[in-house]
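Annotated features in TrEMBL:
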type	residues	note
BINDING	CYS28, CYS30	[2Fe-2S] cluster binding site
DOMAIN	112-291	domain 'FAD-binding PCMH-type'
BINDING	LYS299	FAD binding site
BINDING	GLN640, ARG784, GLY937	Mo-molybdopterin binding site
ACT_SITE	GLU1110	active site, proton acceptor
Amino acid sequence: MNMYSILETKKADLTTQEIENSFASNICRCTGYRPIADALKTFAKDADRELLDKLSDIEDLGNKALRLKCTEEQRNVCSDNKSCAFTNKDLNSKTLDDWCFLDDIATKMIVIDCGDHTWYKCYTLSDVFSVIEKSTDYKLIAGNTGQGVYHVLDYPKLVIDISNVTDIREYVVDVNLTLGAGMTLTEMMELFLKLSDDNVDFNYLKEFHDHMDLVAHLPVRNIGTIGGNLYLKHCNKEFQSDLFLLFETVGAMITIAEKMDKISTMYLTDFLETEMKGKIIINVMLPPLSSSTKIKTYKIMPRSQNAHAIVNAGFLWKFKQNSSILEKATIVYGGISPNFIHASKTESILSNTDPFSDETIQEALKTLYDEVKPENSPTEPSASYRRMLAVSLYYKALISQCPDDRINPKYKSGGNVIKRNTSKGTQTFETDENLWPLNQPVMKLEALAQCSGEATFANDLKGESDEVYAAFVTADVKPGSIISGFDTTEAFKIAGVSGFYTAQDIPGNNSFTPTNAPLILVNEEILCSKQVKYYGEPAAIIVADREKTAIKAAKLISIKYESINKNKPVLTIDDALKSPDKDTRITKNNVIYPVEVGHDVKCIIYGELNIETQHHFYMEPQTCVAKKTEDGLEIYSSTQWLDLANMAVAQCLSVPINSVNVIIRRVGGSYGGKITRSSQIACGAALITHLTGKTCRFILPLQQNMGIIGKRLPTKCNFEVGVDNNGEIQYLKNIFYQDNGCAPNETISPVTAAHFVGNCYDSRRWYVEANSAATDSPSNTWCRAPSSTEAIAMCEYIMEKVAYHLNKDPLEVRLTNMMQVTNPIPQLIDQLKRDSDYDQRIIDVQNYNKQNRWRKRALKLLPMTYDVFYFGSYNSVVSVYHADGSVVIIHGGVEMGQGLNTKVAQVCAYIFGIPLNKISVKPSTSFTSPNAMTTGGSIGSECVSFATMKACQIIMDRLKPIKEELNDPKWEDIIKKAFNNDIDLQASYMYSNKDGLKPYDVYGVVVMEVEVDILTGNHDVLRVDLLEDTGRSMSPGIDVGQIEGAFIMGLGYWTSEKVIYDQETGKLLTDRTWTYKPPGLKDIPADFRIYFRRNSNNPTGVLQSKATGEPAFSLAAVITHAIRDAVRAARLDAAYEDQWIDIPNPCTVENIFMAVGHRLDQFVLK
């Protein structure tokens, strides 16, 4: 949709850079953006020829997909892409029936009475004022994009749409530039770009355009308006409005109308103090600026795009004519405090000075530091960081404007912000055409349906007239408080509210984690019955005829408490270790003892590593639709685990399990977050359907989803390691803890310990103690590459610290401690060093750092051994239809974007020797796949493929006599003959641990080059070379996407994805996209190169393949070491002692910047 909109708007006149810059609004968690970006770039006029050759046009794919439905004869008739014998239609034609025509554009005000609210569509200012006069309870809206910043839950009685008021949508250029307040930000930016070229007095608008390109994202800018943005700032002084900042920097003025004939013009600072009730913003006037005026603006964000400013800044220097002496300076900041706008004292002292003299710089910086006093805000970076950042930005701006003869060339690059180049990627792998369609890079089976929006998910089930929606009523109180009852009076005053249910209404077990399910240790309540375990725990369910009505009503339920806990919640491992009830909160789960000890200890190193949590942030929230059937229930759940949802629903309702059919077409992302947690929502929906007899939809809103659902387990490790002079470990003691949250069902610390000793190093001398901690937070759960991520991070941190203390190359220390027997990692390191030109680039990085004081680069290599083990049972049912030989597969796995269905179909096609298009994979259900284990741990695709292979082989054995009877028969002939001979053309097989598949290792190495802006803390991943041992890939294209996606999700984990709780209440504060920042398209490596290990196979794997969905996530920890090296280089330039630097995780812009240790006296030009 976004791409189509851009193509239409730009008339297909687009560059690859413009395309890549236009998708800040889109989050891709599964495949890491690069494949999507490549596909979209084929629409660019400067698209790379190699890229065009690699990717088919989507229209061609559509035509090919259509022909898959055709007979061979029909396909032969279609000799080109223009006509189709199957439909007898011109594929490229559009008839009038395809379009909906609207009447001529209206100019008469439209009024729609909605009962409690009235909506007005205005076309003139007089219309607007006529409505405003009716009531003071109104809201003006145009794009209404402010809803994404400040949620409006209850709209006023009058809602006035002014998006088509032409009086405020025009612009005028005379002496000033007058911008209509109704202009969209996109229209404004296009005008800025045009005028900056055409009119020398408005050259500065190019700077404004580039700054605004960092504001929100394209869809928001397409409908968000100038007036709306400024009014948002008026109502919320703390809002870091970039538009306000830019306009205030140049002294813009704003025009306000109270009536048609009552208009006033004022400065923006006066506007903020003006009562706006009954008034409307008409326009903003920007002044022309002479060539003696210089402007620089900055916006520092937690990621490259689509994030509000941590601090934004605008600087204007007006020099005296033909002089380097300032006549006036303007310094404006956002993100400091609600009332801070100008650094007035600093502006004052700069008057009549030379801003580029070191004396003036130091005086200005000290004054600025004294007057900029940020206020603490819970979800924003610290006040100390924002204070020093504001000062640093002034210095950065000076560098950008300083004449070359007055600045040390090493400092010059510090004046610019990091701008990522248009990304590119290469994928290097082998494929054996003799095996195709196995080992063939094919398109995912669901690709076209997903791209066209036709792929269905749980909530896409067709609606019913009397269906209901459910919402959780949450206990928003300190953990440990005791619930005594509920007051539903206010909620039931809302029309459409029909029911309210608590734990007492559950006919069976109040548990969504039945302990007779595999892996489950304890019951977790569907609805809190008494003692609250974490802030926001579901305590009841309210039901209404609409989703928003249910959500609104849920907020009106008043929960009564027998007692409210006065103690601070225990939210972290450190809290648990210090708590009075430590003994009940800390559990020692496993100890691994060394089998030998070295005796040549020359250096003992101690350390601590804290690894924080991460939201799964899947695109489809926790969702379930429950339907009544004549003999039970159908449960359409977004779950990874058929069996658990099946058991949990049946047992909470006290009905036979065979009366509950859990159905999964596909899941919209999961990463472990829908293994156990999804059954809570399934139970809630099923309960309502069971009690009311109506279809119930239960969809968690994003904020509730993030607050209720557990996350990645945080980890804390303390270690002691003794080494010899070469860095070889003589002994190692690692005691670590992992935070389970409020329940121990996903205790992973024993597995983490196994991954720690199972990495690529010789661990015979290692002592490992694995502990878990119970805290007052939602029960944490598996998250992409659980245990291995934390284990490998601990290993590599130790190797880095050993290398630092011995002043050795970390790679040398790694190789010294490498496992020597049957370990291909050294060979893979050598291969990747050659492929990535590692040695030369190390020299290049060193040279770059010598030449640049405020920009630093680092090149880092990190190896990995990721052990994969099998568990559970997975079935596959393969059916062949005698009429045409087509095949249907139903299996017990869950397709959630990882390409499971495609791999299964490829295996089936390979065994049968038939085209891939003859195979269809149908939804998974608990009736056809009872007792199926969760799809997770990267093994789902392998296990289901194994079961499919076995089922296909059973059928092939039955067909063998038929094939021998016939002479070179076609597949269809074999099947027809088999059917006539009463041969069973359906077979099933269940993979289990009895099948003898053995655990195996996935090997990987990554080389990353990163650049850090020392003056802001921003970074850019310049290049990544990632080599992974995939065995003989079943589907190389899918495996590339999984490797890239896992790695990018890992980059987010280690850099931008910071989770914050209120330490007093336990409330999650980073619970929406405004405060939680997964990486975007422009955060991926600028140059991303994926290599599969050459000549690789896996004798113990399924058809010689290896897992790819998770291992690469573990390699992403390389970025923490690269950033540390860059910061270390900057500290050495600042003449600091060479000390080990611990940058807290995640390595956010704040943590990077603060690790540098900036001082004002370092900010000089010479």
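Backbone N, Cα and C define each Cβ position, glycine as well.
No curator has checked TrEMBL annotations; they are predicted automatically.
A gap of 10 Å separates the Cα atoms of CYS30 ([2Fe-2S] cluster binding site) and ARG784 (Mo-molybdopterin binding site). Within the set GLN640, ARG784, GLY937 that the record links to Mo-molybdopterin, no two Cα atoms are more than 13 Å apart, and one pair reaches that distance. Taking the domain 'FAD-binding PCMH-type' (112-291) as a whole, pLDDT averages 96 in the prediction. One way to see the shell of the Mo-molybdopterin site is to take the Cβ centroid of GLN640, ARG784, GLY937; the remaining same-chain residues with a Cβ within 8 Å of it are SER670, TYR671, GLY672, ILE675, TRP782, PRO786, THR934, THR935, GLY936, SER938, GLY940, GLY1109, GLU1110. Here the Cα atom of GLN640 (Mo-molybdopterin binding site) is found 19 Å from that of CYS28 ([2Fe-2S] cluster binding site).
Under a cutoff of 8 A between CB atoms, and with a sequence separation of 6+ in the same chain, the neighbours of the residue listed as 'active site, proton acceptor' are ARG784, ALA785, SER788, TYR866, GLY937, SER938, ALA1046. Counting only residues at least six positions away in the same chain, the Cβ atoms of HIS211, LEU214, VAL215, ASP242, ALA309, ASN312 sit under 8 Å from the Cβ of LYS299 (FAD binding site). Within 10 Å of the C-beta of GLY937 (Mo-molybdopterin binding site) we count 25 further C-beta atoms, all protein chains included.
Shown in sequence order, ILE36, GLY1045, LEU1081 are the residues of the chain, 6+ apart in sequence, with a C-beta less than 8 angstroms from the C-beta of CYS28 ([2Fe-2S] cluster binding site).
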